[in-house]
Amino acid sequence: MTSGAWLVARPAAIEIAALLFAFTLGYLVKYTINYQSVVSQAIDHYGYGYERTSHEGIGGSNGKIPDCPYSYVISLYGHNHFSPLVDFLHPTLKHKYPKKHSLILDIMDAVHLCLIMVDDICDHSPKRKNHTTAHLLYGSCETANRAYFVLTKVINRAMKEQPVLGIELLRALELILEGQDMSLVWRRDGLRSFESYGEESLLTYKNMALLKTGTLFVLLGRLLNQGGHQSDDLLGRFGWYAQLQNDCKNIYSEEYAFNKGTVAEDLRNRELSFPVVVALNDKHTEPQIRKAFQSQNQGDIKRALQALESPSVKNTCLKTLQEAGQGLENLVAVWGRKEQMHFTK
């Protein structure tokens, strides 16, 4: 190559060298980020490894946790979690029909706790009752599969021992999952998929909650009444109260946030809750909520949380909760959710 040709080609060579350097640097940065992402994904899918994790007060005196996600979640909630409600609604069942009593409690544990296991995966929840969530210990794959496995076993058992209860269980699962599906579609597609406004929007949300949460408590009544409908209204209303209580505590309870490991988890996940729907119907708070749902920027989320804490939104939510609990005082006391909420003066 002549010196003249080299001088002409030199700028191009420099540009190529610069491009190669930039590509190499970009590759290294991308590789590092991808590696970190792969590690994070591995934890999500396969967990931290429960053998290396100990939790004081769980799984025995040696602090080792149970060897399966379902047993772990039971250790957090306690076996036969619905026993106080069952004994309150049907005081003689345990004495008269011990096998049916045992089956009903196992069904309710399976439905409630397996749905919690999957819900925590969907929400990327770090904590449950101030302990690490199951999917972070065992991985999302094993946790979800165990939930399906436990539910399948209890369905099969119910169909063999009490076919009427098995049919009620299947019916309830379909309705619960329909409600959960509505909630997930709203979260996936954002506020554009939630096209209701005003009172209609509150009714739309309530319909979802009655499916997702109300059905759980209606199922308990159906199981206790051998498929009878006589407790549907009472326990459906209680289910709506329980959902409202959970939604409000997600925003207004510091104790609840501590136990969950995050404040306003619903808002951070772009998930609709009753306070969010109320705020969307208030012209003073709607812009902050919509901005947070669109951007997921921490600053926007903070401003949206402040909007949810505004007296107009908070008072509406807590008043609705109080009204929903009228006539349910005994059930509320037996269910025993103790986290305190801070009230607007």
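Each residue, glycine too, has its Cβ placed from N, Cα and C.
Residues or ranges marked as substrate binding site by Swiss-Prot: His112, Arg128, Lys212, Thr213, Gln243, Asn250, Lys260. According to its DSSP assignment, Lys212 (substrate binding site) is helical.
If you look up Swiss-Prot, you'll see Asp119, Asp123 marked as Mg(2+) 2 binding site, on the strength of similarity to another entry. Reduced to three states, the DSSP call for Asp119 (Mg(2+) 2 binding site) is helix.
Annotation source Swiss-Prot lists Mg(2+) 1 binding site at Asp119, Asp123. There are 16 other Cβ atoms within 10 Å of the Cβ belonging to Asp119 (Mg(2+) 2 binding site).
Mapped onto three states, the DSSP output places Asn130 (N-linked glycosylation site) in coil. The N-linked glycosylation site annotation in Swiss-Prot covers Asn130, and the record cites sequence analysis as its basis.
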Original post:
Which number gives the other C-beta atoms within 10 angstroms of the C-beta of Arg128 (substrate binding site), all protein chains shown included?
Top reply: 22
Subject >> Candidates His112, Thr213, Gln243, Asn250 (binding-site residues) - the one closest to Asp123 (Mg(2+) 2 binding site) by CA >> reply: Asn250
Original post:
Where among the recorded positions Asn130, Thr213, Gln243, Asn250 do you find the Cβ with the fewest other Cβ atoms within 10 Å?
Top reply: Asn130
**OP:** Would you mind reading off the Cα separation of Thr213 (substrate binding site) from Asp119 (Mg(2+) 2 binding site), to the nearest angstrom?
**Re:** 12
Original post:
About how far apart, in whole Å, are the alpha carbons (Cα) of Asn130 (N-linked glycosylation site) and Asp119 (Mg(2+) 2 binding site)?
Top reply: 16
